[in-house]
Each structure stands twice: as C-alpha cells, then as structure tokens.
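All remarks here apply to the structure that follows.
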Amino acid sequence: MLIDKFERKIDYIRVSVTSRCNFRCLYCMPNTPFEWEPHENILRYEEMFEFLRLAIDEGINKIRLTGGEPLLRKDLDVFVKMLHDYRPDLDLALTTNGYYLKEYAKKLKDAGLKRVNMSLDSLKPEVAAKIAQKDVLNRVIQGLDEALKVGLKVKLNTVVMQGINDTEILDLLEFAKNKGVTIRFIEFMENERAYPGVKRVDSKVILDKIAKKYKFKELPKDNSASRYFETEDGYVFGIIEPHNEDFCKSCNRIRLTAEGYLIPCLFFTESYNIKEALREGNIQKASEILREVVANKPEKNDWQDEEVSTRAFWETGG
C-alpha cells in the first residue's frame, strides 16, 4: 500500500501515453511555436506496463490514460487489454477530446476500458472551433453517442472561460442531463502555456447561474477532485475548483508522463525519471522511485506562490 506523509492513500495514477494533440485549446496549448517530443523519447507500452504492473501490486487500483490526446497513439486498445488482463477488476478510464472516439469506443470497451471523460466546452460549432482551433463539435458529439451506445460510462468536462463559453453553462448542463451523463464545470487553471487573455470563471458564479433554474444540494465529498451537487429531480453535476483551499486535501493520485517522468503533483516542477530504470529492466530501482515520489508528494499546491509549475498540462496529463 502506498501512503504519503500526510496519511493519504495513493491508489490512482494518471498515465499520459502521448503529449501530442490534434486540438490547440486556448486553455491548454501554447500560443507560440513548439516541437513534439520525438517518438523514441517516449515510453513503449511494454515499459509502461512493467511499471504499472509494479504500481498495481503496490496498491494502485485506478488508472486513467490521458495525453495530449491518447487516441492519437496507435494500438491503445492493445495496451488497455494488457492492463485489463493483468487485473480485471482494475478501474480503467480514459480522458479524451472525443474527436476519434466514434472509431475507437467499441475496441476500447471490448479491451476492458470502463469509463471515459470527454471534453465538451461549447455546444456552438463556432465557439467550439474557436476554443479548439479547428472544427470539432460534430465529431465530438458523435464520439459521445458511440461511447454511450457501446456501454461506456461517460462524464463531460467543460472548462469555463469568461467571454467565451460562460453563457452556455445551463445549455451544457441541459445537454448532459438529456444524455444521461454527468457534467463537470472546471475553473480555468492559469498556466504560462495558455493563450493570453483567457480568464477563469469562479465556481460561485457557475453555481449562481445554475441556481437561476435549478434547486440543488451539495453531496458528501469523496476523494475525487470534484464537488458534486444533486438537483431536486435527481441529476448530478460537478465542479472542479483548483483555487479552493480544500482541493488537495484528499488527493490520491500521482502522474506518469509519456516521456517517463513520475510527477507527485500537477502544480509542482519536481519530477522523477523512471525511463532509465525501465529500459535497464531494473524493477527494483523503479519501485524505489515510485516510493520516493509518494514520500515527496506535497500537502497542497502552491497556487498562489511562484513555485507553481510552468509545465504544460498537455505534457503532464492534465
């Protein structure tokens, strides 16, 4: 079992299988030229699996595959099956922008994937295109429908931004409610790689907008990053607010980047390279690094301090 120095049980790892993405979302991707990491620099599936097998044996029971856009990496369903076959009761999830989900949903479900989180930042084609910097909405909704059709559990994520999509909060909630899926509204997380001028909408403003139409109550907090609320007619939606001082209290996760770095906290610059140990087949060293990462997991993010990570979310797995 993995326990950090603040007595938090670490049982969840987010694994970025690629830093590449086919979107250029305003709140995530850099607004200056950059180069993708060469393929030879990223971990092979076999290397990821060797580490994750170790992590599972140490107490990890939830794995979320992220990116970048994870569906850009070939044979993701094969990797999912490797993990599922090793531990069939593993909570295997995927975070995706949904663009390729229509093509891959059934393969992933058949391989053992259980859940999908999808980005849906607008229901207006022109606004969705402005945010992602390409025409995406139709394909994203097709991906959502296919995921539901094959039996995947789905949540929608919406990053709310001032003057861009903050007038759509109720429309997005209604859309998710009609689809029978949970939607989570996310406060924009300031980072140096986002486009200038993108501003967050405070969670209180989001809740006030919803309260104009719905009465709701807050549900008891679990160890997720979200606060959840239930409307009088039984619909559940969520809020993710990294600016809240309680955001980190029950954090149970660490992150592995595609390039082979273990990260104890999304908002810190510290990272631990396990690629060399994995390529040498040194599982003992990889185990030691895993325990070091857990031991050095901070109590909370330094959101208001200068130490906040400048690492891009698309590099880290968000």
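Heads up, the Cβ atoms here are built off N, Cα and C, so glycines get one too.
In the record from Swiss-Prot, residues Gly68, Ser119, Met189 bind S-adenosyl-L-methionine; the candidate from Tyr27, Tyr214, Tyr228, Tyr235 listed for the same site is Tyr27. GTP binds Arg14, Arg64, Thr95, Arg253, Ile254, Arg255 as Swiss-Prot records it, and from the list Lys153, Lys155, Lys179 the residue named for this site is Lys155. Closest to Cys28 ([4Fe-4S] cluster 1 binding site) in space, going by CA atoms and restricting to the binding-site residues Arg14, Arg64, Gly68, Lys155, is Gly68. Within the set of binding-site residues Arg64, Thr95, Arg253, the entry lying nearest in space to Tyr27 (S-adenosyl-L-methionine binding site) is Thr95 (CA atoms).
If you count neighbouring Cβ atoms within 10 Å for each of the binding-site residues Cys21, Met189, Cys248, Ile254, the highest count belongs to Ile254.
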